Each structure stands twice: as structure tokens, then as C-alpha cells.
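Here's what Swiss-Prot has on this protein:
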type	residues	note
REGION	1-58	region 'Disordered'
MOD_RES	Ser134	phosphoserine
MOD_RES	Ser137	phosphoserine
REPEAT	432-475	repeat 'WD 2'
REPEAT	582-622	repeat 'WD 4'
REPEAT	630-669	repeat 'WD 5'
Amino acid sequence: MLPASSKMPHKQPPPPRKQSISMGRGARKRDEDSGTEVGEGTDEWVQSKATVKPPDQLDLTDAELKEEFTRILTANNPHAPQNIVRYSFKEGTYKLIGFVDQLAVHFTQVGNLIPKDSDEGRRQHYRDELAASSQESAKVVISETEILEEEEEPKEVEAGSQTDVPIVEASEKMAEEELMTPKQPKERKLTNKFNFSERASQTFNNPLRDRECQMEPPPRTNFSATANQWEIYDAYMEELEKQEKTKEKEKTKTPVAKKMGKMAMRKMTSMESQSDDITKVTQAAKIVERMVNQNTYDDVAQDFKYYEDAADEYRDQEGTLLPLWKFQNDKAKRLAVTALCWNPKYNDLFAVGHGSYDFMKQSRGMLLLYSMKNPSFPEYIFSSESGIMCLDMHVDHPYLVVVGHYDGNVAIYNLKKPHSQPSFRSSAKSGKHTDPVWQVRWQKDDMDHNLNFFSVSSDGRIVSWTLVKSELVHTDVIKLKVEGSTTEGLEGLQIHTVGCGTAFDFHREIDYLFLVGTEEGKIYKCSKSYSSQFLDTYDAHNMAVDAVSWNPYHTKVFMSCSSDWTVKIWDHTIKTPMFIYDLNSAVGDVAWAPYSSTVFAAVTTNGKTHVFDLSINKYEAICNQPVVAKKKNKLTHVQFNPIHPIIIVGDDRGHVTCLKLSPNLRKMPKEKKGQEVQKGPAVEIAKLDKLLNLVREVKTKT
């Protein structure tokens, strides 16, 4: 047998091509029509052909063809609009848009390529690897099966037994099937980012971050000098001259400075020099302090603005007081609160007078002005040598505060001026009181538009003070003479016993009418026009009268309180009280509510605050709530805020507590079907008159 390779015919080499191989030897011709290069031995299809031109094609001369045109590529889009305007809500006008998007899209095509680093690319690469490995394993299995078949064929022929053939074939088929099915590798499980389970773990502490801000650097100056013995001496001499000049200025400004010692003057000058340095940052520091207090007392501010006691819906004739802020100052520690007054212009600002009611323990006095925006520290601080027993703020000039001292002096403080001394002060020459001043009250200006206020003292004098040319001028309005108490002195002189005035109040409509309460328990109805006699006398209380107050709505009604534990409501045309309330403790102060003619509050020495509403209950208080500890503190004064439903209460330890009235303590008239709710002073007067008429009818019957 011949090998299979000998049967194959031998291939003859191809004949050489009769063409010119060297193209460089043949001359090249340039076709004038087409401009293509043609060799001598090129094929026909390579040769140039005549160009076909359209009949309307423009024919240009050689000069026009050789002319060059420059083209400049710019990034501006010629189709972009140039005059787009948009309306500005901030300025209220149409504004021209200067920047226009110059992007022009010429061609877009959606691709089907996947990045290798993406999740989809990794999955596709993994599937390709699996398919390639499966194909390789299948090829290996097929080659092994072919080898096994070649080896088993001669063995089967030699055996010659036909009975074992089906068994062998069955086993071979089983082996082939096992080998033909490749073992698939386990597919790696891909994580699903959207399938997760919550597990508790320890929280991670947030790292600290530093914040920086750019600011203007402080100005710097270069200073150089020499220090020796005589220069130090000259510097000390200049400082001494400055101190002497400041002392002379203080002496000329205030006569009080004469009594002050050298140590006090040194303290004042040092404080003034320090205050000059920090005046630039006081306003910024005050704003920052208010911001800090706003965050600190945010829960209290929220209660003040929005909280209403929901339990009042289930109790008709009871109310509560919610404690809000507590105002105190270390400088006024253990000084009793002797006076409270709200500012007539700024509803969050109030003044507090500090002194002592114990005549054996008299000390200095303090005038503090607090704001509810900053409960931690007072807005203004003024100190005095004698205790402050009363104060009042001017209605038209809310920056003027008049105070009365325990030593009988009266003074006017101006909040606009930076110094801590009073702008005006009485003296022995100007007719000051000889006993403590218990109450002061601003009045209307006189005919010459001079400021005017009144004061009452234990020396029995009601004095009118007028500010004339930066000087206080006094006029005795009336002397509180006790009737039937005249005694004869030497040479037949009649000596009158003078009553001790403790409180007074002026009528809101009748300008000349006012009431005066005394330590003897009597109340005198007086007139500014008569200085020798009283219009009427009321045997009001068995002990000293602590407060007298006209009703803000009803012109005939006033109220008084005393240390004999009682609060009485009067009609000034009747000498007997309309209502009498026993509070089981000495009453320090009473105040009418500005929003209702029938609501008033009283404070007692056992630490309780009592709130009455005669339209709801004319026999008992609708709120009896302790504000301070009974054994340690005593309440001294109370005042209603003219706008907000809050009151301030002072005690004998120098603390002032702010309390919010619950809805039952400030009920308004209920709406009736088909009728509008009437509001105003006329409604309040009618409401109180209705109660007084019932009492008047009972008294006339008896």
C-alpha cells in the first residue's frame, strides 16, 4: 500500500507575471483632467477617467481658485439667543441674562459598551469565563472517550462471546454519559445591595471638626521706647494729674461726690477707665448673651408663648399659675423686693427696687431692670447708699425712673445716660422727706411742660416735685393731720398729730382726686386743690394700709389691703366696703388685672399668691398657690403685665418669680347664639356694676 501522501499530485509553481515590477523606471504621466498619477504598466481600472460635472456647476477662473479664505473656529454658537430676560422676584424687574449656554449637539449615539470596573462588567466577564471553561472540559471528555473506544474494540473481537456484548455496551454508555456531562463549577453568589437586615451595633462617635472663618486681621503698630528712672517718674506724674482732674469733674457734677471717700473715688475712676475699653464690644456681647439665654431657656419660652393648662376644661371655678422664669442677682442678695413696675413701652422690661423693711437692718439699695429675653442678668444696675422703697416709670418718657429712698430722698434715674448716678436728687435744702418714702407716682406735666411726680412718706406729707431747670422743686400738697388729736403746747400753741402715709393712688379720669392710706388704718380721699382738709375719710383697716389701687375700668371702685389679713373693695361714694376677703395672713400687695374689671391678685406673707375673679366666685379666690417656701420667704409685691397673661411676684430674699395665668384665670365673655361678643370698657363696667348692685340692694334692705 502506498502512503496516502504519495497519492497527492505535486503542485507546479506559477509562471512569472510579465509585468513591470519597478515602477520607478517607467515615466510617470500626470493627467491634467483628474490629477492622478498613472504608470506605464497599470491596469485599466487604475487609469484616469473623465470627471462628470453637472451642467449648472459654477466655473471659476484660476485667480479665483487660487484665492485663499481664512476660517476661524470659535466656541460660540451662532444659533444661541442673545437677548434672554428673566423676571427677578427679589428686585421686581426683568433682568437680562448675560451668560447663555453655547453647547450645540451635532451627533449622538447610544453605545453598548460596559465599563470593566462596573458591577455589570464583572458579571459578564465571570459568565464568559464559565462558558470557556465548560467548552474546554467538554473537549477533554470527547478525546478521552475516543481513546477508550479504540482500546476496547480488539478486546471485544477476541472474546467472541456475544452474551456479554449488551452488558459491556450498557456500561460504556453509562461511562460516556458521565464523561460527556462536565462538572459545572459552583457559581459565585453575588451580593444584593438592596437586600439587607438590621443588626444592632455600637454607635460611632462623630469626629470633631474645626471650622474656620476668614476675618480681617487686627491692626498692628510698631512701638519702641526706652524705660529709665525719670521716664517712669514722669508717667506716674501724668497719671496722678489725670486722676486729680477726674476728681474735680466729679465734684462739680454731683454734690454727692463730696461725701465719698478717697477709696470710693479710686474705684470709680478705675471702673470708668475699664469701661472705656470695653464699650466697643458691649453691644455684641449683649446680643450673644441673649442668644445663649434663648437656647438655654427655650422650653420656658415655649411654655410662656404656647402652653395652656388642659386641666382647666374639667374645673370651672379653679385655676393655676405656671412658674416660668426666676430673676435674681448676687449683688441684691438678701435685699427684699420693695417695688415692682413694668415699663409702659417695652412689655418685656420691668424694674425692681431692693431695700429692707426692717428698720434695725438698713443697708444699701439697688435698682435693677430685667428683661424676659435675658433672665440670667439684669439689663441695668444702679446702686444707692440708702434702700429703695418705691419706684415708678414715666408713661411718655419710659427711660426715666423715679425712686424713693428709706432716708427720705427722691431721685430720678435716666437709662439713656451711661453713668450709674441719678440725674436728679433731692436734698435737705430742696425739702426732702424726714421719714421713708413709701410710694412715688408720675403725674401729668405742669402748665410749663415741666416733669412732675408725687411722693408720700411717713412724715405725713404729700409732696409734689417739679423738675425745673435741672433742679427738683418741691410743693407740699397736703399734710395728713389726725382729727381730734390736737394738743396744746407752750404759750397756747396747738400741736397737731400727723398721720403716717404708706400708700396712695391717683384717679385715672378725675385728675385732682387721689387716695392716701396710713399706718393708722385709715384711707383719706384727697384733692390736689385743697391742702387743709380731706374730701372723705374711710375707717378701712385695723392695721397699716399696705396698698391702695383704683379699678382700671370702673371710676367709683377702688381696693385696699392691710396687714390685718384683709382685702377690701370699696365704692368711694359709700363709706362701707362692698366686699371683704380674709386671707389668713398679712397682705403685702394687691393689683387689678388689666384685661378684666373683676380680676385681681394679692400676695401674703405666708408665701401664697391669691387670684380672685368676682364674676366667677365673689366669695373665695379661684386660685391659691404657694410660690415660695412658707418658713423662709415672704411675698412682698405683685404686678400684672399690661399685655401678656403673666404676673411677677417679689419676695423678701430678692427673688422675682414670673408666673403664667391659666385659661380659667382670664376668662372672656362667652359667645351666645345669634349674638356677637361685646368687648370694651363699657362691658367691663357693666359686669362690675351688676355685682355691686347686688351688694347695694342687700345693704339698703338691712
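Using N, Cα and C of the backbone, Cβ positions are placed for all residues, glycine too.
Owing to the predicted nature of the structure, the values given are computational and were not obtained by experimental measurement.
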Secondary structure split (DSSP) over the repeat 'WD 4' (582-622) reads 0 helix, 20 strand, 21 coil
Provide the three-state secondary structure of Ser137 (phosphoserine) computed with DSSP.
helix
In this predicted model, what is the average pLDDT of the repeat 'WD 5' (630-669)?
88
Mind tallying the repeat 'WD 2' (432-475) by DSSP state, helix then strand then coil?
0 helix, 24 strand, 20 coil
Could you tell me how many residues in the repeat 'WD 5' (630-669) are helical, how many are strand and how many are coil under DSSP?
4 helix, 18 strand, 18 coil
